[in-house]
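Everything below concerns the one structure shown next.
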Amino acid sequence: MVKMSKKVAVGLSGGVDSSVAAYLLKEKGYDLIGITMKVSCDLDVSEDAKKVADKLGIPYYVIDLTEEFKNKVIDNFAEEYLQGRTPNPCAVCNKHIKFGALIQKAKELGADYIATGHYARIEEHNGRFLVLNAKDDKKDQTYMFYSLTQDVLKHILMPCGEYTKDQIREIAKKIGLEVHNKKESMDICFIPDNDHGKYIKGLECRDRIKPGNFVDKDGKILGTHKGLIYYTIGQRKGLGLSLGKPGFVIDINPERNEVVIGDEEEIFNEGLIAKEVNFIPFDSLENPMEVEAKIRYSTTKSKATIIPYDDGKIKVMFKDKQRAITKGQRVVFYIQDMLVGGGTIESIVK
């Protein structure tokens, strides 16, 4: 349990969740400071966040992490697409920025802990910090926290995890926060129009975007694609092909600059290999384990077995074939409401 005398830096985004998180902690008597991370010259949420800090009567700081965000998140985002993978920038940001660089900056301001408005619960059991599903299943964000280590988890508070979204909005309205009915942001924060292709074309790496061939699984040329960054596994729309039947992206080959097209049944696979794996309740996987797994943020959990593999990687075998397992995305594991861990999808087991 956190001692009330400890200083807590609350990450204020200007939205309702982080604002109410700050209010809930202030009501419990914590010594708070509000901080907003600046990650883009074009993205400024500090005005709403400053209003919330003033309303709650807490000190407020803007932390400039623009350079760190570019180096860790944006560059990785572009490189993954250029390599034919589909990145998850939010997972990268959580690991390196929100719960990496931001924690370090908060410590420099004298804070012992950082709090956010995320929907997840962190509890200590027998000296180990566990991540549990939020009370609001529809808003649960635990998928994004699989990579957090024990050293990081012990410094994080997530009060919104004990409430539903409707309850959070009601609290905000009750205490007079202007953001109580603010619309949620669903897109990638640094790509507000959700057009990642246009965004990457505006970066220095634009010259690496090259047209290439659409091919079938036998290598027969079907047409010309605009560049690997525009395609992802399972994609059907926007291919510009006339095949006489529906065609789906079943593979992307960066070495040959080819996008492989096939039938829908070919995007269903039974397993995957994951790298960069992290576990939360324990340090490493020694034996096969039955879990429920998610291969992207928006999917439901599916029964699977995780198996130790070479070089710290793991094999994940699903009870039922999964649609569009995608390299670069994250696979995350659960046992009931406990987050077990996860990793980056490296390859597909067919």
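Numbers run from 1 along the shown chain.
Using the three backbone atoms N, Cα and C, a Cβ is placed for every residue, glycine included.
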Of Gly110, Gly117, Gly127, which one shares the ATP site with Gly11, Leu12, Ser13, Gly14, Gly15, Val16, Asp17, Ser18, Met37 in Swiss-Prot? Gly117
Using a 10 Å radius around each Cβ and counting other Cβ atoms from all shown chains, which of the recorded positions Ser13, Gln329 yields the largest count? Gln329
In the structure shown, which of the recorded positions Met37, Cys93, Cys189 has the fewest Cβ neighbours within 10 Å? Cys189
Does anything in the same chain, at least 6 positions from His118 (site 'Interaction with tRNA'), have a Cβ under 8 Å from its Cβ, and if so what? Asp17, Gln141, Met144, Phe145, Met158, Cys160, Gly161
DSSP says Gln329 (site 'Interaction with tRNA'), in three-state terms, is coil
